[in-house]
Amino acid sequence: KNLTTIGGIKMKFIFFSLFFLLMLLCSSTECTHPHPLDPLTPSELNLVRTIIHKSYQTSTKHTNLTFQYVGLHEPDKHVIQSWISSKTKTIPPPPRQAFVIARFQKQSLEITVDFPTLSIISTKIYKGHGYPMLTFDEQIIASQLPFTFEPFKHSLNKRGLNISHVLCSTFTVGWFGEEKTKRTLKIKCYYMNGSANFYMRPLEGVAAVVDLDEMKIVGYSDKHVVPVPKGEGTEYRASKMKPPFGPKLKGITVDQHDGPGFTIQGHSISWANWVFHLGFDIRAGPIISLASIYDLAKQKYREVLYKGFISEVFVTYQDPTEEWYYTSYFDCGEFGFGQSMSSLQPFNDCPANAVFIDAYYSGSDGIPVMISNAFCIFEKYAGDIMWRHTEIGIPNEVINEVRSDVSLIVRAVSTVGNYDYVIDWEFKPSGSIKLGVGLTGILEVKAGTYTNTDQTKDDMYGTLLADNTIGVYHDHFITYYLDLDIDGEANSFVKANLEKVTVKDQKTPRKSYWTVVKETAKTENDARVNIGLKASELVVVNPNKKTKLGNTIGYRLVPGSVVHPLLVSDDYPQIRSAFTNYNVWVTPYNKSEKWAGGLYVDHSRGDDTLAVWNLRDREIENKDIVLWYTMGFHHVPSQEDFPVMPTLSGGFELRPTNFFESNPVLKTKSPEPMNCPNCTSQHYYG
C-alpha cells in the first residue's frame, strides 16, 4: 500500500521500528536455522503478525483479522534434498517462508509470507466449500454467549440449576446437504457443582447455534428436560480421592549414568543407528522427517522416511437423533492436533530419563503461544527382548544368547476436548519404526432417564455407564501420512499376496500349501487396500536396488488396530471422511496433498479429500510415492471407562524387508548393567 499521509508515515515508522526490534531479537540462537524444516520460532511468528497487520488494517469486529493457521511453508522437496546432500554444507539453507490462513471481512485468506524480503509474496481468497481450523479464542468467546442469553437462563431456571456451576463447550456441526452454510458452531453445556468432570454431567436437550463471523447466537433449542447425571463418583483428581486406594504400585529408578544415548541439535535427533528431524505443526502436531538408519555393512546412512505425521483424526458418534446426529469431528482439521497438545508431566507422562522440548504456535491474534514440555524424548528400557536363542541340540553344550532391547520414543499428547491422544513414535535398532496411539480421557456421554438396563425399551445408542449416563457408541479413525523414501525417492508399492495352491503331485501326502504372488501397483486404484479381506503383505520397495542375493529392498507395513467404516457410503459424515473407505492408499508425491480431509474441513463437503485426489488414478510405479494408512477403533463404551478411561492402545509398524543384507542388530550388545550391589535377581521357588 502507498502510505502517503502523515498517518501512513507514522505507520511505516512503527513497522520498521518493530522490524528492527525483531531483528535484534532474531540475533539470538532461536533465529538461527540450522535446518530448513525447523518449525516457526516465536520471533518468526511475531514477524508474520507484523507483516500481515501492515497490509490489513482492522478497526471494527467486522474487519477484524484472525490467524486461523500459521505454519512453515516448506521448501520444495528437491531443494531440501539438495541442501542435505551438500556434504560441506556450503549451500545456504533455503529461504524461510510461512503459510497463513486468516479470516478477514468474513473471508478466508491464504497468505504466504517471505522472511528474507519481509513481505507478502502471495495472497488468495478461498472461494470453495468449508472453513479453516477453529482457534481457541473464538471457541472460548462463543462458549460464553449463552450466559447472557435470556432463553438459556430460563432453561436453567426450569431445571433448578445454578448458572454459576454451568460450563459450556463448542461442537462442530458438519454438513448435511445444505446448499449454503455459514460458519457456525453448536454450544452444549454441562453442570459442575462439586465435580471437575463436567463432561459426565451434560444438560441434555439444550443447545445454541453461534455464528462465528457475527459472534452471536442465531439458533436455540430446549427440547426436553432430562435428569442431569449425579456428580457422585465422577471425580478423577488425585487430591479428591478417598480411601480405599489401590492397587499400590512400586517405583523403579532409571539411571543412565553415562547420560542419555541420544543427542539433540536444534530439532535434529541422533540415537543409536538413527537420525531424524522432529517438527511441529499447529494442525498436525508432531512431524517426523528425514529419518535415516545407519547400515553397518554399507558403512552409511540410508533413507527410510522423508516425512510422517497424523494427517487427520475422524471421530463419529452413532446416535442419529435430533440432538446428536451431527456429532462427528475432524480433530486435526477442525480443532488442531498441534494447538491441542498438552504440557507433558515429568515422571508420569514421561519417565525420569526423558528430555523435553517446547513448541510454539500462533494464537488468533498472531501472538505466539508456548506449549511447555510439548514433546518428550526418552530411551525405553521395558525388559523387551531384541533377539534370543537357546540351543540344546549340540552335544555337551547349551547356548543361551540374548540381547535386551532398547528403543527411542518421541511422545506427545493431544487433548481435544474430552479425549486425550497419546502419540508415540518408536525407533528400534533393528530398523523398525513403531507408531502408537493411546486413547484415554473422558467419554462423551448423553443424559438419559435410565438407571438400569432393564428399563430400556428403545435403542439408546450406547452403554449405560452410571445412573442417567449413556456412553455413546463411536469410532476413531487415525490417518497417517507416510512419505517413505526407501533408499531414495523412486519407490513402488507391492502387494505380496499369500495364495493357496492345491498339490496335484501324488508323490507327496500334502494336499495344499500357500505361496507368495507379488503384485506391483501401477496406478493409484491398484493400491487401494482394505486390510483383512485378503492375506497379503504390503511393502514399499525401491525397484532400482537389490540385495546381493537379488531381493528387492523395502519396508513393509505391519498393521495393528484395523477398522473399516460401517456407515453407508452416501451418509454425510462418510462423504466428508471418504479417506477412511480404505485402510491403505498410495498417491504420487504432491506437496499440496497433505491433509486427508482437505485444507478446509469445518463444514466441508468431501470434495477435497484423499479419496477425491485418488480418482485421478495417477501412475505410482517407480515414482516418489506417499503411503496413507488409517488405523482406528470401534469404541463400545463399558463401565470400566467411567469416570475416566484407562488407556486403549493401538498402532502399527514399519519394518525392514530385505532392506539389510542380514540381521542389522546381530552384533549389537545389550546395555551394560550398572554397578548396583543391591540389584540382584529374585528367585521364588514353589
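Just so it is clear, glycine is given a Cβ too, placed from its N, Cα and C backbone atoms.
Annotations in TrEMBL come from automatic prediction, not curation.
The annotation signal peptide is assigned in TrEMBL to 1-31.
According to TrEMBL, the feature domain 'Copper amine oxidase N2-terminal' maps to 35-125. Summarising model confidence by region, the domain 'Copper amine oxidase N2-terminal' (35-125) averages a pLDDT of 91.
Marked as domain 'Copper amine oxidase N3-terminal' by TrEMBL: 132-228.
According to TrEMBL, the feature domain 'Copper amine oxidase catalytic' maps to 253-666.
According to TrEMBL, the feature active site, proton acceptor maps to D331.
Per TrEMBL, the feature active site, schiff-base intermediate with substrate maps to Y419.
Taken from TrEMBL, the feature 2',4',5'-topaquinone applies to Y419.
Around the Cβ of D331 (active site, proton acceptor), 24 further Cβ atoms fall within 10 Å across all displayed protein chains. A Cα-Cα distance of 10 Å separates Y419 (active site, schiff-base intermediate with substrate) from D331 (active site, proton acceptor).
A 10 Å cutoff on Cβ-Cβ distances gives Y419 (active site, schiff-base intermediate with substrate) a total of 22 other Cβ atoms nearby, all chains included.
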